[in-house]
Amino acid sequence: MDLASLLAIPSLHLRPPIDPLLAAAPSLLLLVLFLLPPSRFLSAALLPPLLLLALYPPLAYTTGDPGADFALASTNFQRCLIALDRFLFTDNLETTFIKPGQTGAPKGWRRIWWAVENTMLQRGVGTKWEVRNVPKGGRKLSRVNFTITRLGRAIVAFLVFDIVSAYMQRGDYFKQRVQFVDLPFAERQFNSVCVGIASSVAMFILYDVICAVSVGLGVWSPEESADLFGSPRVLTSLRNFWGSFWHQCFRRVFESPVHFLLTSLSLPRSSLPANLLALFIPFTLSALQHAYAVYAMNRTGLRTFLFFFIQPVGLIAEALVQRMAKGLGVEMESSMARMAGTCWMVTWLLWAGPLFFDDLVQAGMWEKKPPFNLTEGLLSGNWANK
């Protein structure tokens with residue numbers, strides 16, 4: 001008996017459409033938790049139904065689109081981690097999740113906006129709990145300049161996405177007509193790069209448009225809308241890729257169980273066991289989140305789990321080589337050392353990436369054509385992708 005049968009989860013092709021209210025239920029219940037007076041009893045009572053409402057619906061229902069199914073499942077998993085972070089691993093919610101200058105959570109109607117922000121914000125930009133290594137770019141711009149800059153960047157990013165998408169819509173691999181392992185080596189690597197670009201650029205566009213609209217309407221300030229990704233200049237190691245360049249949206253919820261565990265076990269933060277826990281626990285949680293989202297799409301996800309789970313192995317290998325190089329007198333900030341680090345990072349991600357990317361392709365993530373494709377229109381006259 002598989003997991004789906006054990007939990008009485010409908011098979012992939014028998015799932016009914018999900019009700020919008022059910023899809024929003026985890027976020028609404030999390031919002032209620034923030035609005036309620038601080039109480040360990042209430043938190044303990046409401047956490048189990050929140051976890052159930054978050055984790056079961058993406059497996060039992062469908063949005064009708066694999067990409068949307070992935071996004072819903074991933075978001076709901078995040079809602080679970082946010083709830084555990086805020087109401088289990090944090091000692092004092094009211095004095096932790098606030099902005100500089102505040103001594104406690106707002107009262108009255110202002111508490112509603114505080115609850116909304118802490119339900120949705122993941123990096124804590126502009127707050128006392130802002131996570132490490134959030135990019136600083138764009139925070140000093142005026143509201144008008146910020147809005148124009150972000151919209152302009154989104155347009156450029158859309159053109160990049162449009163070109164990559166046109167290639168993917170034409171490729172036999174992305175139409176699932178050929179297996180990844182059957183492709184020539186060069187085509188495998190090129191397809192991996194295309195999936196990486198399409199995935200990251202899609203996130204970039206969505207984030208920049210949301211920030212531009214929110215800042216333009218006065219909902220947020222430029223200081224609260226940091227760039228999603230770091231500078232490409234930091235891409236000189238695998239450690240920098242995950243720790244400084246990638247979006248850091250999940251950093252708080254992935255690291256809070258580590259801090260809780262180290263405090264509970266009284267482990268020194270600089271000890272080897274503490275460093276290993278700080279490395280493996282976040283990537284294991286990331287592996288579970290992404291594998292769960294892929295499982296919601298097509299009842300697979302083992303390879304996705306492995307992709308994230310083995311990242312600490314690459315990071316440990318990198319650290320050992322760097323230590324050996326330093327011992328031999330290599331200057332790690334030299335151009336040659338930085339170039340070698342970049343080559344290693346690219347090699348590792350191209351080697352491990354297909355574990356994750358191929359799961360997404362086989363689930364049909366890119367089967368649905370965008371409603372409009374400029375590149376395809378220029379090439380074939382098929383502007384509407386019909």
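First residue shown is number 1, and so on along the chain.
Glycine too: its Cβ is placed from the backbone N, Cα and C atoms.
Not measured: the values here are computed from a predicted model.
Lifted from TrEMBL, the feature list:
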- 227-309: domain 'Wax synthase' (DOMAIN)
- 20-36: transmembrane segment (TRANSMEM)
- 41-59: transmembrane segment (TRANSMEM)
- 151-169: transmembrane segment (TRANSMEM)
- 190-220: transmembrane segment (TRANSMEM)
- 272-293: transmembrane segment (TRANSMEM)
- 305-325: transmembrane segment (TRANSMEM)
- 337-357: transmembrane segment (TRANSMEM)
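Counted as Cβ pairs under 8 Å, contacts with the transmembrane segment (151-169) are highest for 190-220 among 41-59, 190-220, 272-293, 305-325. Note on the domain 'Wax synthase' (227-309): mean pLDDT across this stretch is 95. When each of the listed stretches 20-36, 41-59, 190-220, 305-325, 337-357 is scored by C-beta pairs under 8 angstroms to the transmembrane segment (272-293), 305-325 comes out highest.
Across 41-59, 305-325, 337-357, the stretch most heavily in contact with the transmembrane segment (190-220), judged by Cβ pairs under 8 Å, is 337-357.
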